[in-house]
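As recorded in TrEMBL:
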TRANSMEM  B:6-26  transmembrane segment
TRANSMEM  B:86-104  transmembrane segment
DOMAIN    B:111-318  domain 'Cytochrome c assembly protein'
TRANSMEM  B:116-133  transmembrane segment
TRANSMEM  B:140-161  transmembrane segment
TRANSMEM  B:173-195  transmembrane segment
TRANSMEM  B:234-253  transmembrane segment
TRANSMEM  B:268-283  transmembrane segment
TRANSMEM  B:295-316  transmembrane segment
Amino acid sequence: MREAERAEAEGAEVEREPREAGRAAGGYVPEGISDAFAEGARGVREPAAGGGRPPSGGPSLPSLGWVGALRWIWRQLTSMRVALMLLMLLAVAAVPGSVLPQRNQDQAKVLEYLADNPTAGEWLDRFGFFDVYSSAWFSAIYLLLFVSLVGCILPRSAAHWRALRGRPPRVPSRFGRFPATGTVTSSATPDEVVAAVADHLRGRPWLPTFRVDVAAEQATDTRPAAATVSAERGYLRESGNLVFHLALVGLLVSVATGQLLHYRGQAIVTEGRGFANAVVDYDTFEKGAWFQASSLSPFSMTLDAFESDFASDTVAFGQARDFTAYVTVTEPAGDSHAETVKVNHPLVVDGAKIYLQGNGFAPDITVTDADGEVAFSGRVPFLPEDTMYTSRGVVKVPDVSAGLEQIGLVGYFLPTAVFEEDGTVRSGFPQPTDPLLVLEVYRGDLGLDEGVPQNVYRLDTASLTTSVDETGERVRLLVRPGETVELPDGLGTVSLGAEIPRYVALDLRHDPSLAYVLVFALLALGGLTVSLFTPRRRVWVRATVSDGGSTVVRVAGLARGDDAGLQPEVDRVLAAVPGTHQEG
Amino acid sequence: MQIAELSVLLVWAAATALAIALVAFATDLARLSGTRSEARAVARAAREAVAVGAGPTSAGAAYGPGTSDAGPTPVRRRAAGIGMSTTWLGALLLLAAIVLRGIAAGRTPWANMYEFTLVGTFVALAVFLGVNLRRDARFLGAFVAGLGTLFLVLGVNVFYIEAMGVQPALQKYWLVIHVGVAISATGIFTVSFVASALQLLRDGRDSGSPYLASWRWLDSLPTPTALEAQSFRLNAVGFVLWTFTIIGGAIWAEDAWGRYWGWDPKEVWSFVIWVVYAAYLHARTTRGWSGRPAAWFVVVGYACVLFNFTGVNLIFNGKHSYSGL
Ligand code: HEM
């Protein structure tokens with residue numbers, strides 16, 4: 001409260017200064033901003049413009065019909081107060097997205113939440129709480145904020161453009177109320193003093209500090225003739241501020257463009273196999289509204305080998321230390337070359353980035369049916385569920401021989417099998433030192449013939465028959481590499497290949513806006529730094545001849561915002577005065 | 001003795017030094033409050049004179065530089081001196097603990113919550129000591145040392161994990177930059193929070209809040225305006241560093257996770273913090289919001305910083321699950 005009063009007081013004080021102050025300062029100040037530095041300018045201009053609105057005015061209702069109403073709305077929207085409200089709203093609106101599961105991150109969690117909280121969940125869903133960052137309300141807040149920002153910044157930019165070519169504001173008539181002042185007496189003439197001070201303020205030619213005007217005041221009834229200096233530094237402060245705000249707009253636009261043009265595909269590739277960069281070759285594929293298939297560069301890639309490294313010391317036992325995928329990339333032109341993909345080091349091919357997002361084991365499994373026919377043969381990726389790579393997988397065996405049922409095998413692959421006392425098995429280390437496949441067996445209609453897309457990692461066992469042993473326990477098949485084991489109930493056999501191939505989960509992403517996003521982000525950072533740390537100061541000097549014949553030099557300084565360096569700046573000016581005897 | 005164990009011992013030593021500093025600084029504040037009550041009466045009279053509207057000692061003078069030191073009364077502040085020396089000692093012990101921790105783990109010592117707590121506390125101490133080299137800010141000491149003790153004790157008791165290497169997603173120079181800058185920003189925000197909280201308390205007492213009537217030590221603090229200026233200078237630096245933390249994090253995420261921004265809980269809260277401090281910077285320059293309301297933004301912002309560090313790591317299950325707990 002007291003601060004606001006101070007701002008008003010200072011504004012009022014500067015108001016009495018010469019009119020030129022307004023033009024030189026650049027003029028435009030957003031509605032509701034409190035800034036003694038710029039407010040002086042406003043105080044000067046507004047009475048001249050014939051009244052205008054009250055400077056601290058709260059919302060005053062329009063009386064000018066709908067054009068007036070629109071203008072009123074626009075003025076409110078671009079005011080500092082509303083910008084502040086929108087910023088606060090934005091902060092609050094971002095929070096639910098960290099508390100509730102989000103579709104774009106974890107679809108399964110959202111479904112789980114909906115199942116657990118049917119009523120609340122439905123309402124939350126209706127209001128977009130599972131897609132917070134693309135919801136109408138979140139978008140509305142940031143779009144309004146950006147409209148406000150543009151409405152606020154464009155006029156300010158124009159004003160700043162004029163101010164950049166303006167001159168420092170003329171010397172105020174009284175120095176008393178400025179936050180930093182000083183006086184010295186000198187034996188030099190006023191003109192000599194002013195020349196020396198101007199020289200000091202201008203700084204070195206290769207590093208100019210202040211923009212300086214030197215002038216002379218004629219004697220009047222109330223005061224003697226004087227030589228004056230008016231100087232201003234720190235125009236870059238406002239430049240930085242504007243660059244920062246405009247860069248935010250650029251950032252928003254480039255992020256949005258990237259959203260429209262990008263694509264992202266996921267593929268699971270096992271050792272020795274490959275894939276082509278085409279929509280059909282991906283397990284999942286997601287794209288922006290303006291994506292065109294032609295932006296997929298037709299290269300292809302083979303996974304030659306995959307290597308992993310895990311800590312084996314007692315403290316960090318089993319913790320991942322390094323993953324490397326060795327691949328061969330074949331360019332559209334036909335030439336191929338060997339590359340590696342590592343976590344943190346995506347491979348860039350034709351502007352698309354390929355990431356190593358996951359890895360695991362894809363054991364080679366062959367199932368023969370009761371008739372001895374091979375019903376299934378292939379590599380089955382098992383998904384790791386813990387740090388020791390206890391991995392879960394499903395084999396869905398179709399009915400190749402007439403009259404037989406379909407078979408489902410569900411179970412775990414353990415790279416290093418460890419048998420517990422109670423008969424359970426677990427994996428003791430992520431590397432395949434003693435691999436074991438543990439399977440349960442189901443039979444019935446797996447729905448393989450309906451042509452309905454299915455999750456390959458899940459088997460709905462509700463309608464299936466489980467194989468049990470004599471005691472009624474579920475049969476648990478243990479298969480080691482190179483072994484063939486009989487399926488229960490005479491269903492046939494299952495065998496595991498001697499080699500356990502690895503697989504990698506690759507993410508391929510292309511976003512043409514990345515460079516722009518980075519440039520605008522860095523521009524924002526640079527602009528912000530300049531605007532926060534460039535001191536913006538005005539210094540005025542008036543040198544007059546006193547009755548005693550010596551020269552009295554008065555100096556005043558004004559800064560934008562808090563500026564601990566203002567008084568030292570004034571002190572340096574005082575020190576630059578030639579021929580001083582004593583300090584006043 | 002193992003290097004890692006020595007490091008923990010040094011952390012305890014640092015916490016002890018800070019606890020002593022806390023007591024010393026508190027004694028200093030209590031002493032000052034006796035000598036300052038008179039000065040305060042004088043200051044109040046002066047302020048009222050200004051309100052009546054005369055004289056060159058205008059309100060503006062209180063905003064000028066040089067008012068940030070506590071005032072003209074020459075008091076012997078031996079207790080504050082002891083507080084400063086023990087804080088220096090605590091900071092040096094903590095630095096040694098951090099270095100040893102790095103040696104024990106064989107990498108940069110800020111990759112999990114325990115280490116983040118140590119380094120963040122160290123930065124807060126360093127900022128406090130650094131500010132004191134340029135101007136007298138010893139009145140912050142009791143609170144900085146108090147928070148420092150609290151953080152270190154919590155760190156060792158709650159967040160501690162064994163020193164070890166890190167997983168592939170963390171093996172990049174960005175660990176040094178991104179996390180290092182984030183910790184620095186956190187340390188700076190800690191000190192600016194103390195300044196803003198004191199500003200609010202002092203402001204409340206000055207405007208006659210009945211709850212603060214017995215808190216005479218508040219009178220020995222600088223004016224709310226000087227506290228606000230102090231807090232702003234730190235927040236400006238903290239905000240730039242935080243901006244860089246987010247940009248650096250996005251660049252790293254682009255390489256490590258395959259997208260630069262994905263509204264992961266940690267990202268959400270970093271964004272919230274950024275917006276709150278941006279709102280603070282706007283509030284300072286908005287008519288009717290500068291001063292006390294703006295200081296509340298700092299309090300809220302710092303609460304978000306603490307939550308981002310503790311709550312987000314421990315409650316939410318995001319990609320930033322590197323606490324090791
Ligand atoms: C995305 C939303 C915005 C963000 C993140 C943002 C951020 C910032 C930051 C960090 C500053 C500090 C620079 C300084 O203090 O010198 C600043 C200053 C400023 N902002 Fe914004 N801003 C936003 C929107 C707006 C809007 C909508 C307006 C206009 C209504 C606005 C007007 C200003 C002005 C006038 C300043 C300079 C204050 C001064 O003169 O010291 N900003 N902004």
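Backbone N, Cα and C atoms are what each Cβ position is placed from, and that goes for glycine too.
Sequence-distant contacts of the transmembrane segment (B:268-283) (same chain, six or more residues past either end, CB-CB distance under 8 Å): 235-236, 238-239, 242-243, 245-246, 249, 289-290, 293-294, 297-298, 300-301, 304-305, 307-308, 312. Same-chain neighbours of the transmembrane segment (B:140-161): 8, 11-12, 14-15, 18-19, 21-22, 24-26, 28-29, 80, 83-84, 86-87, 90, 94, 112-114, 117-118, 120-121, 124-125, 128, 131, 190-191, 194-195, 197-198, 323-325, counting only residues six or more beyond its ends whose CB sits under 8 Å from a CB of the stretch. In this chain, the transmembrane segment (B:295-316) lies close to the transmembrane segment (B:173-195): three or more C-beta pairs between them fall below 8 angstroms, excluding pairs fewer than 6 positions apart.
Away from its own ends, the transmembrane segment (B:6-26) comes close to residues 79-80, 82-84, 86-87, 89-91, 93-94, 96-98, 100-101, 104, 118, 125, 138, 141-142, 145-146, 148-149, 152-153, 155-156, 160, 163 of its chain (Cβ-Cβ under 8 Å, at least six residues beyond either end). Residues of the same chain lying 6 or more positions beyond the ends of the transmembrane segment (B:173-195) and with a Cβ under 8 Å from any Cβ of it are 107-108, 110-111, 116, 119-128, 131, 140, 143-144, 147, 166, 227-228, 230-232, 234-235, 237-238, 241-242, 244-245, 248-249, 251-252, 255-256, 298-299, 301-302, 305, 309.
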